[in-house]
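Novice: First the structure, which I've put down as structure tokens, then a few questions once you've had a look.
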Amino acid sequence: MKTQQSDPTRPAAAQPAGPDSAPARQPALVRILPFAAYMACIAIADLLDRFGLAAAELRWLYAVKIGVVLALLFACRRHYRELAWQPLGARGWLAAVASGLLVLLLWVHLDAAWMQIGTPAGFDPRGAGGQIDWPLALVRIAGAALVVPLMEELFWRSFLLRWLERADFLKVNPAHVKFKAFIVTVILFGLEHHLWFAGMVAGAAYGLVYMRSQNLWSPIIAHAVTNGGLGVWVLMTGNWSFW
């Protein structure tokens with residue numbers, strides 16, 4: 001009986017990527033990397049503060065941090081399929097903006113002592129004469145309202161919320177995420193912030209907006225409204241600790 005022999009010159013058939021293969025890990029890595037860089041910059045700033053670098057000098061590190069995150073987001077942009085624009089419609093826009101404003105309203109009032117972790121570093125954009133350094137303030141608002149929402153929503157909602165549901169998270173419909181994944185993400189998102197309770201409220205709002213709309217632009221817009229509005233409020237009131 002004649003046996004079939006493999007042709008050594010013929011390339012082997014490609015094997016499907018397993019959950020631990022490099023191609024399978026890449027979608028997670030490109031969503032983790034900008035967030036990890038952001039947190040690393042915060043750690044570096046804290047370290048420099050411990051070594052005695054003046055607070056006035058540390059303020060411009062925020063621009064460096066935002067620049068690093070923005071560069072990583074741009075480098076990985078082709079992997080973010082969820083950022084392909086999908087029209088929200090009037091109701092979608094209303095839900096996103098209203099959620100962002102509601103979180104803002106609650107955020108500035110959820111500051112009781114038990115709702116805080118540690119001492120807030122704050123961000124005071126005033127110069128030695130007490131006048132606001134507007135380039136510095138505008139960089140802060142632009143970073144918080146335009147870059148941070150993209151970076152955090154890609155990590156917290158697009159990646160982690162769905163990854164907790166299933167390792168192959170890109171195939172998870174946000175509307176089908178179960179309560180366990182939702183609540184774990186809410187808790188972790190809250191603990192990322194000095195105002196942990198307000199952070200959990202925000203995480204719940206952004207998560208619900210995402211799950212309901214199934215469009216990542218909904219929580220991005222809500223998050224941007226909150227952060228942008230908070231920046232304006234801080235500049236108007238001088239409550240620098242909220243920044």
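Placement of Cβ uses the backbone N, Cα and C atoms for every residue, glycine included.
What TrEMBL records for 1-23 is region 'Disordered'. Residues or ranges marked as transmembrane segment in TrEMBL: 28-48, 60-80, 92-117, 137-160, 181-208, 220-242. According to TrEMBL, the feature domain 'CAAX prenyl protease 2/Lysostaphin resistance protein A-like' maps to 136-227.
I'd like these features described in context: how deep, what's nearby, how far apart.
Specialist: Under 8 Å from some Cβ of the transmembrane segment (28-48) lie the Cβ atoms of residues 58, 61, 64-65, 68-69, 72-73, 76, 79-80, 148, 151-152, 154-155, 158-159, 163, 169, all in the same chain and six or more residues away from its ends.
Tertiary proximity for the transmembrane segment (92-117) is limited to same-chain residues at least six positions away from its ends with a CB under 8 Å from its CB atoms, namely 191, 193-198, 201-202, 205-206, 208-209, 212-213, 215, 217-219, 221-226, 229-230, 233, 239, 242.
Tertiary neighbourhood of the transmembrane segment (137-160): same-chain residues 27-28, 31-32, 34-35, 38, 62-63, 65-66, 69-70, 73, 80, 82-83, 123, 125, 169, 174, 185, 188-189, 203, 206-207, 210, 216, 219-221, 223-224, 227-228, 230-232, 235, 243, selected by CB-CB distance under 8 Å and a gap of 6+ residues from either end.
If you look at the transmembrane segment (181-208), the same-chain residues 6 or more away from its ends with a CB under 8 A from one of its CBs are 99, 102-103, 106-107, 110-111, 114-121, 153, 156-157, 160-162, 164-165, 219, 222-223, 226, 242.
Outside the transmembrane segment (220-242), and at least 6 residues removed from its termini, the chain residues within Cβ reach (under 8 Å) are 88, 93, 96-97, 99-101, 103-104, 107-108, 111, 120, 122-125, 132, 137, 140-141, 144-146, 148-150, 152-153, 195, 202, 205-206, 209.
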Novice: Calculate the per-residue pLDDT averaged over the domain 'CAAX prenyl protease 2/Lysostaphin resistance protein A-like' (136-227) and state the result as an integer.
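Specialist: A mean pLDDT of 98 is what the model gives the domain 'CAAX prenyl protease 2/Lysostaphin resistance protein A-like' (136-227).
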